[in-house]
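Reviewing the structure listed below.
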């Protein structure tokens with residue numbers, strides 16, 4: 001009854017692949033099972049998970065396409081003669097992005113082969129606590145036994161359950177990045193950051209884009225920053241239907257989609273027609289076919305996510321879970337990768353280092369990017385009380401915006417600190433160009449326990465947007481104007 005493998009990973013996304021490759025470095029016998037169930041619209045893709053195929057990578061590339069469109073407008077102010085009107089061709093962009101994603105799929109397969117990790121293009125489910133049943137698309141069955149099993153199947157977008165025609169006529173982020181033709185006039189429902197990101201780049205490449213929001217934008221993020229992000233998007237051309245929720249989607253004879261929604265402020269019912277309707281109403285853990293109940297892996301009955309402890313262990317010894325499928329973890333690629341590597345090191349490398357989920361930096365790639373690390377202002381107030389925190393803030397104008405005469409009303413940053421003598425930095429929030437690049441550097445300092453006085457002794461790089469963080473000196477408490485003037 002010797003187990004065939006030292007480790008089997010179910011799910012070939014960022015976390016699962018990182019865990020498998022790290023385990024193989026220790027000379028262990030490792031296998032990965034990965035299978036992509038086609039979306040309701042029939043979209044499918046290769047190895048690499050959400051981030052590579054239908055998430056961060058294609059999203060950032062399409063965001064870049066939109067930024068280039070903005071740069072073309074700015075270029076004329078800088079002396080470049082660009083024939084007007086400029087026109088964007090979706091199919092050219094989509095083909096280039098999709099080709100790059102396919103190269104990453106291939107790269108992952110080559111890496112697994114190089115590291116002697118066995119790859120099964122199969123859907124995995126538990127037969128018993130040490131046995132995985134693999135099923136190919138053609139129905140061929142394989143049984144795999146392992147000493148340790150890691151579940152890393154991630155999540156898939158949900159469809160709204162109470163909207164008639166939602167599944168039949170709508171798409172999700174699983175489909176948008178693989179469309180061969182332009183989505184045209186698009187309605188997106190906003191619950192996740194991806195809905196604002198997609199609406200932003202669709203507007204940026206010249207499409208008619210509308211976002212429907214029932215409640216607040218960017219749930220879980222600092223709400224002052226979220227409001228500034230959406231305000232900028234409105235000024236940029238994205239339309240918003242606020243405090244509205246859809247009730248049905250119908251296909252018209254001309255193939256357009258007629259959407260009916262309720263406006264909760266006015267108490268009215270409204271309709272409009274669109275070429276594409278994209279849902280972003282949340283993600284569901286991909287656990288349905290795993291047969292977790294058969295082996296006793298406990299999940300949260302409300303979210304469906306797997307309950308894990310600080311070492312990523314489930315309720316069953318030797319079965320672990322990492323990434324988006326786990327309860328209470330950030331749904332971010334880098335955290336899944338780090339957690340996967342550390343888990344492999346603990347299992348096979350005599351390590352005891354646990355994943356630290358505090359102060360994880362992230363960025364929302366809206367037209368004006370929003371990057372943050374640490375606590376939101378609301379969370380800091382909740383943890384420490386408003387009397388015990390100090391918020392330094394500034395409205396600034398990127399130098400690049402001046403000649404191009406671009407509006408910088410929403411370019412803003414704030415630093416949330418403890419008010420005590422040491423003034424430890426609890427959170428940093430930045431809206432502006434290259435937010436991810438800016439926040440990544442400051443994240444190290446905040447991870448190391450940086451204080452406001454230490455920041456004040458940090459010399460800025462002139463003339464950059466990030467430099468303005470090193471000059472933050474006006475507090476919200478003072479009530480003074482926080483607009484940066486001069487050089």
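Cβ coordinates are placed from backbone N, Cα and C, and glycine is handled just like the others.
Because TrEMBL annotations are produced automatically, they should be read as predictions rather than curated entries.
Feature annotation from TrEMBL assigns active site, proton acceptor to 462.
There are 28 other Cβ atoms within 10 Å of the Cβ belonging to residue 324 (FAD binding site). For 60, 124, 324, the entry in TrEMBL reads FAD binding site.
The Cβ of residue 190 (NAD(+) binding site) has 196, 199, 211, 212, 213, 217, 280 as same-chain neighbours under 8 Å, each 6 or more residues away in sequence. Residues or ranges marked as NAD(+) binding site by TrEMBL: 188, 189, 190, 191, 192, 193, 194, 195, 196, 197, 282.
Positions annotated as domain 'FAD/NAD(P)-binding' by TrEMBL: 5-340.
Residues annotated as domain 'Pyridine nucleotide-disulphide oxidoreductase dimerisation' in TrEMBL: 360-471. In the predicted model, the domain 'Pyridine nucleotide-disulphide oxidoreductase dimerisation' (360-471) has a mean pLDDT of 97.
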Candidates 188, 194, 282, 462 (recorded positions) - the one closest to residue 124 (FAD binding site) by CA: 282
Around the Cβ of residue 194 (NAD(+) binding site), the count of other Cβ atoms that are within 10 Å: 23
Cα proximity to residue 462 (active site, proton acceptor), best match among binding-site residues 60, 188, 194: 60
Other CB atoms, at most 10 A from the CB of residue 60 (FAD binding site): 16
Residue 282 (NAD(+) binding site) to residue 324 (FAD binding site) - Cα separation in whole Å: 12
